[in-house]
Ligand code: SAM
């Protein structure tokens, strides 16, 4: 194996297609497995992550290892792969052997949602949040249901600067169903703009890098796939507890086609609604006769802050959820 600057050449290996055949790695529908076989596409995904030379890269869901190979070729310092399906262990171990002394490939079998990043990255020096991004990357082509759920969990960790973000502004390069990728980056007025768009844009700079046609996967999924990068913002647009922000946005988009006050007024119990809903919009300086997808990310941030002020004045609002039946208290008898 020879290592030129920024490139690590692997010894000849069986193709991913051969490995799939050799180890009878039939794609499991219950894990939504769709494999990428084209090196040009896996290289392009890794290029979307930027310069990873000398970085510690965590790949989620490596499967038989096609993206892993592209990552390794970029000569990072270390690669950690987290894979749920143990059937891929032999193909990943083969890759580990091929890396030899040149690069540490750490294989973790398990669910990415339970992976302890603080431990995995313990050798990496922590960067200041306002500094450059740390030499860390998260890259993954995960099943769609996992990646959407994961991004919400990871945004919470970004907001709390915990887990992989205890080390600084660790960037993410992830695949999503194309429609979800479009939602993540949807700007004001876009028909796809939704709660997910605003959540992602509150905490990250988001880019839809390119689309991979469904036919590039084996087996072919019903949809095309979008590659998205999310880089945590030095100054998030909102600095309030994640749960509060999530609650405000859930109410905002509850009735997409109605003016935003229709959904947001449900943040308040009936008896306080007439007083507090107009106050919310007044404090936020937002026109309540706009549909939620017409509001800018900054306007949503002001609504969150206004709700926080109202929660300070009426602490009972914190626990209020209009979907739950009203608690019967002694005074009601
Ligand atoms: N990266 C490979 C590729 O691009 O060809 C495989 C992609 S396949 C869409 C998704 C991979 O994620 C599968 O290997 C699957 O077993 C794995 N996976 C699914 N859920 C996971 C989870 N919760 N944690 C870790 N890996 C998971």
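First residue shown is number 1, and so on along the chain.
Just so you know, glycine gets a Cβ as well, placed from its N, Cα and C.
Keep in mind that TrEMBL annotations are predicted by a computer and have not been checked by a curator.
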S-adenosyl-L-methionine site partner of 34, 36, 61, 111, 141 according to TrEMBL, chosen from 83, 93, 160, is 83
CB within-chain contacts under 8 A for residue 83 (S-adenosyl-L-methionine binding site), separation at least 6: 61, 62, 63, 89, 92, 107, 108, 109, 110
Quick one: what's DSSP say for residue 111 (S-adenosyl-L-methionine binding site), helix, strand or coil? coil
If you count Cβ atoms within 10 Å of the Cβ of residue 36 (S-adenosyl-L-methionine binding site), leaving out that atom itself, what do you get? 21
